[in-house]
Amino acid sequence: MTALNKSIEPGDSPDLTEERASGTFDTNAMAAVIYGSDKFAQRRREISEAISKIPELADSAPLPFLDRFGKVTEGSRKLSVILENIDKLIDPSSYEEGLHLYTEVMGMEGHPLALHEVMFIPALIAQASDEQQVKWLGRARRREIIGCYAQTEMGHGSNLRALETTATYSPETQEFILHSPTITSLKWWPGALGKSANWAVVVANLIIRDKNYGPHPFMVQLRDEDSHEPLPGITVGDIGPKMAFNGGDNGFLGFRNYRIPREYLLNRHAKVEADGRYVKPPHAKINHSAMIRVRSHMATGQGALLAHALVIAVRYSAVRRQGYLEDKSREVKVLDYQTQQHRLFPSIARAYAFIFCGFETIRLYDQLLIDVQNGNTSGMADLHALTSGLKSVVTYQTGEGIEQARMACGGHGYSMASYISEIYGVAIGGCTYEGENMVMLLQLGRYLVKSIEMIQNGKSRELGPMVAYLAENESEIDLNLGPNEYLKVFEYAARNQTWRATEKFQKLRNSGMSNEKAWNQASVELTRASRLHTRLYIMSTFINHVGSIVDQKVKGVLIDLLNVHVTYEVMDIGIYVQGLLSSNQMDLIRNQLYVSLETIRPNAVSLVDSFQISDMQLRSVLGRRDGNVYENLFKWAKSSPLNKTDVLPSVTQYLKPMMEKSKL
Ligand SMILES: CC/C=C\C/C=C\C/C=C\C/C=C\C/C=C\C/C=C\CCC(=O)SCCNC(=O)CCNC(=O)[C@H](O)C(C)(C)COP(=O)(O)OP(=O)(O)OC[C@H]1O[C@@H](n2cnc3c(N)ncnc32)[C@H](O)[C@@H]1OP(=O)(O)O
Ligand SMILES: Cc1cc2nc3c(=O)[nH]c(=O)nc-3n(C[C@H](O)[C@H](O)[C@H](O)COP(=O)(O)OP(=O)(O)OC[C@H]3O[C@@H](n4cnc5c(N)ncnc54)[C@H](O)[C@@H]3O)c2cc1C
């Protein structure tokens, strides 16, 4: 038996053993549902097992005790050990296996290949021509070069149209001349740019004969491949410590009239001929495809981060005893308090919901990629709108859930021994990267307004399936609520809010206000509509996914979890459903929520065990699989570098003299 499955091992905390014994389903079967197949869930376990047999892959010290330099060095050290052993560990052609390997060994604090895998290679796949792929993709996949994605500038991130970096075509030499005209035009933030990457996909405005054709992607060599020194004309470095990701080297980059060949414009879709003729892409926003890809993957990625925090908080809550319920002879597990359950269980449901919803979104992205390669770009606007809303809602709710998980661990949650603050820092980065959340909610808002305008213009039949509900009439809600009735409640809320926000915008515009001002004055209402629409999508994919599960025990507990989800979500949007639900109905739903918290309680630990996140990956003393928290907390504190000596130099140098002086 591996240390990952539900089995009970000698030396485990009796409290966690009791929890595992009360689980009603097989956690391996649940893991197969979470990871898409039994085969992949099994591969994850095998990879974790193989990693545990290579001691050099373990952290050389708990990461929170390392400084920035130590973290960056540790990341590169482990990467080199991974690459020496890669064939023993994974199938190198499998992206998913690679992601699991990296997450387990490198942790979540960033490493030199994170953006190489997540954005650089996908940008080459989506935007490089076949010929360019022959030139660069193999080299990137074999890691002969390390790449990054350099788009954001110090002064411009959300508004791509205002980027300042230029790539001016010179027909005489058939080159592009890259230039950063100002301080604010310095590329700023790209992961792995600072110290690791020697190549980059750089997004710059394409200029041909003084005409600006807007942002385009260029393949740019930044450093000498032998010496790793920056090439002449390139200014590059690290932007300094961040809230999290401090094992990563997010960077800055400037160009001084830096020349690259004409063939380095990534030209699968748009081209510049030798004489300077511009060949338009099939869709104006096709150059945004690397972003759409990451946004499509963010629901599963963020669901996994929320899962990490919940494994820690739920296991710890089952071994932490504090206060009393009826039995005054022994303190109670804090997991038995209704407030603790209300704090944690809806987040467990959200983590599952995000992961299931992510499957669907990744499927839609993969289909779009095929369609676009075949010249069909008609699905781009729909997926852009969907992923814009989804990345915003999942990152925000993940952040909320992780912070609640931290508080649910009391004082020890605040210690880095819990590791929750690191998970939080990484997760909330997602509220900003890949499009700041408000900006992206407003992108979805535009799409929703356009959908309402179609209905107003008698074109309801042309609405896509995800917005068809906007044209329906209010439904009566049956008091005997099942998940599909909750979906109708959500549809009501999203429809009402979308109409209200659109009508507000239209009214302001019709009053003579400019389009932009009217939009701005309706924008808070529009973001509310976008959130409700997205939460409706998440709920409906959760319901559909649970409906498709075959294992009856797994399905049973997921239905219980779904009940937690739908009741919690509807209570959470109470203000938007006042016109639909009576206060009696709201009381009924509230009570159903409390009942569903009790129903899920015996399965809480098994539900988080099913994420099968190993102790190595979790890096948390509080979340250990064996539940032996206290002795390991003491061990962890003793390993603090501050405890290497009993008397610190700072005491000898400053505090002792101060105390001595005060004695006189
Ligand atoms: C594989 C795993 C992936 C992810 C894992 C997730 C979590 C993992 C956990 C740990 C992470 C580990 C490592 C990763 C670490 C770090 C981060 C990773 C990546 C970060 C990288 C970046 O941040 S890259 C920079 C991203 N930048 C942005 O996102 C910028 C945001 N701005 C924009 O996208 C655009 O400016 C815009 C969309 C806001 C506006 O664009 P634009 O000005 O061009 O357009 P308009 O507003 O004028 O709109 C005109 C019409 O065009 C439509 N439109 C816009 N975009 C698109 C599109 N992409 N497709 C289709 N249509 C589009 C728009 O809707 C308008 O339509 P109308 O019909 O209304 O006119
Ligand atoms: C951890 C991390 C990793 C990153 N990695 C990369 C990378 O690899 N490559 C890369 O190119 N970039 C990267 N970025 C940069 C990131 O993509 C940008 O920071 C992000 O797109 C937000 O842009 P901004 O910083 O310009 O925010 P701003 O747009 O300046 O946002 C500031 C505020 O203005 C508001 N705002 C802006 N525009 C509007 C509007 N139109 N309407 C209403 N409100 C608005 C926002 O809502 C926000 O509240 C990374 C960032 C982080 C934090």
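Positions of Cβ are set from backbone N, Cα and C atoms, glycine also.
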Annotated range (TrEMBL: region 'Disordered') out of 1-22, 155-176: 1-22
Fewest Cβ neighbours within 10 Å, where candidates are the binding-site residues Thr152, Gly191: Thr152
For Gly191 (FAD binding site): DSSP state (helix, strand, coil): coil
Secondary structure at Thr152 (FAD binding site), reduced by DSSP to three states: coil
